[in-house]
Amino acid sequence: MKALLVLGFLLLSASVQAKIYERCQFARTLKRNGMSGYYGVSLADWVCLAQHESNYNTQARNYNPGDQSTDYGIFQINSRYWCNDGKTPRAKNACGIPCSALLQDDITQAIQCAKRVVRDPQGIRAWVAWQRHCKNRDLSGYIRNCGV
């Protein structure tokens, strides 16, 4: 009986653990999904952005008390404008997805939503971390030795 309880606990804890991408694995995933040069944004820019937003963590969440919104997932996409979490007042849901979709290990939906964000007039500047850590910097190290 104890063995079953331990096994059940291990399975439950494994199911809620985040996938944390390795830098090159993330770069290759982005490239396979058409992010290299998408709307003029380099692969290195995307990798830099994700490192500073979530440290490549698919389960990253950050609550913003000022507007009661939350940033979700590897790209830290905000519930005020881009997804629906059922909690954010006056949310727009421009990506047309539940915010929980941005927390999946399979980041296909997160990538599609990030593409939607970057098509907005603000473009990549919508991400504060990109402006603070990536803009006008040599980002070659973010994709070095990744084979992309």
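Placement of Cβ uses the backbone N, Cα and C atoms for every residue, glycine included.
As the structure is a computational prediction, the values presented were derived from the model and not from experiment.
Annotation comment: Swiss-Prot describes 1-18 as signal peptide, evidence class experimental evidence.
The domain 'C-type lysozyme' annotation in Swiss-Prot covers 19-148.
Classification of C146 (disulfide bond) by DSSP places it in coil, neither helical nor stranded. Sequence annotations record features per position, and here Swiss-Prot assigns disulfide bond to C24-C146 (among others) based on sequence analysis.
Annotation source Swiss-Prot lists disulfide bond at C48-C134 (among others). All chains included, 21 other C-beta atoms sit within 10 angstroms of the C-beta of C134 (disulfide bond). Reduced to three states, the DSSP call for C134 (disulfide bond) is coil.
Per Swiss-Prot, the feature active site maps to E53 (among others); the stated evidence is sequence analysis. Around E53 (active site), the C-beta neighbours below 8 angstroms that are at least 6 residues distant in the chain are A60, D71, I74, F75, Q76, W127, A129.
The active site annotation in Swiss-Prot covers D71 (among others). According to DSSP, D71 (active site) is assigned to a strand segment.
According to Swiss-Prot, the feature disulfide bond maps to C83-C99 (among others). All protein chains included, C99 (disulfide bond) registers 26 other Cβ atoms within 10 Å of its own Cβ. Look at C99 (disulfide bond): DSSP puts it in a helix.
The annotation disulfide bond is assigned in Swiss-Prot to C95-C113 (among others) on the grounds of sequence analysis.
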Mapped DSSP class for C83 (disulfide bond), helix or strand or coil:
coil
